[in-house]
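Have a look at the structure below, then the notes.
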């Protein structure tokens, strides 16, 4: 700030017309020309207020609105020495305008208000004040979004002679960042929708191909900036209200710094920004960069080599290696979140101790893999049990089928051998008897083999080979081992009267048909475990039933033979 010295008083012999006016309030100047006003919004960017006691220009207190209305003229005021106009120097009225009038006037060079305005501009401009006429002196930039030209807005004239009209004052007074959206809306209306869509597509493709970033769309409701930051920090854009509240609280706590960048009343600005539908701009970005201690990078569509480089970066107070908060700026009015899918950034900047980005996702992945493996192992064990059960059932069915076929084959072989030994002279009754016995034995075998094939399999190897030698029977082949597990034949009834006498035993057709049945009594006296038979009691009942049936069949055959024999010739 430049402190201007006081103007020295003129010597006593000076022209009284050039003497400064006496102390006290100065009457308003005639509305003949544009006045000079010291305005601006208390931004500390060149706007200032005069010191009423010292007569020098000082800094305006922060967070205070610009003064309205004419300023009184105490001694040492700025306009006392800067705007002193000799009486009668103004030749005529001058129309009000927003730019300084040309120097000089009808009253002669150096004698009109032009010279005074030039001197005022030269003196006040050194303090950083923008001088205007008829409306006029405005300082301080207005907030705009990234990519906007930060044009300065003119505040209404204060303490001006012949200030601007009320319409101009109403237009000049407004929000600190309203020009951002006014200019953006005008630009959007002027752009072709097809061109905008094509640019957005190219922008998204360039970020994905060159940086590997993905643009995540945010809801367009005025809180898009806070939604994008919430998505970057919390992973959920619906937490934008929390982000906005923290940001506004941070701005209020640091009002002595951030108020320098606001042209309106800072408290009014904060209260307006607390609304959920109010847009955010670069002041909030800087606050959030400091609040989360993460840089904020803003990407926007552009041409050339900088198409995928951030157009603006806001840094925090402390430098670190954390991933920045990335947002994209679209159509000069909307923000989206730019996500790096290869690096986790959620939770960074929240001040959580020992927090590692992505560690929660890794733990969840490990738990999911472990659960999946356990489920897969249990499923495989169940499938193995099912396959094992089917294999056992298949083996039992195969063993049962082999035992049945082996026993039937043994019966066929024995019948064939008996036919060869019997010869053609044997009666037909023996063949019929053996056939019926074979059928009965087959039916009895099916019932017997339908029980437990495992018990029969225990006798796969003969435990008494000497028994086969005594009986005159050769051991069966391995394929017919199970067929010998039931030695008693149904053709040999245990209660038949034909075996009661020793003489009948030699001439019986059953004995001649089955020579091995002579040892039936010996075999029946042996333990069933020798043949692998544990259900011997059931077999005895079956054998007795078959014996009774055989006896009835033999009796019927004898009766038929008696009826068929012709009566003897009496002649």
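Each position is counted from 1, following the chain as shown.
Just so it is clear, glycine is given a Cβ too, placed from its N, Cα and C backbone atoms.
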Per Swiss-Prot, the region 'Disordered' among 146-175, 176-205 spans residues 146-175
Look up region 'His-loop' in Swiss-Prot and report which of 329-334, 335-340, 341-346 it refers to. 329-334
What Swiss-Prot calls phosphoserine, among 302, 328, 496, is 328
Hey, which of 54, 375, 425, 431 does Swiss-Prot call phosphoserine? 375
What's the CA-CA gap between residue 328 (phosphoserine) and residue 337 (phosphoserine) in angstrom, rounded? 6
Using other CB atoms within 10 angstroms as the count, which residue among the modified residues 337, 375 scores least? 375
Between residue 375 (phosphoserine) and residue 337 (phosphoserine), find the distance joining the two CA atoms and give it rounded to the nearest Å. 38
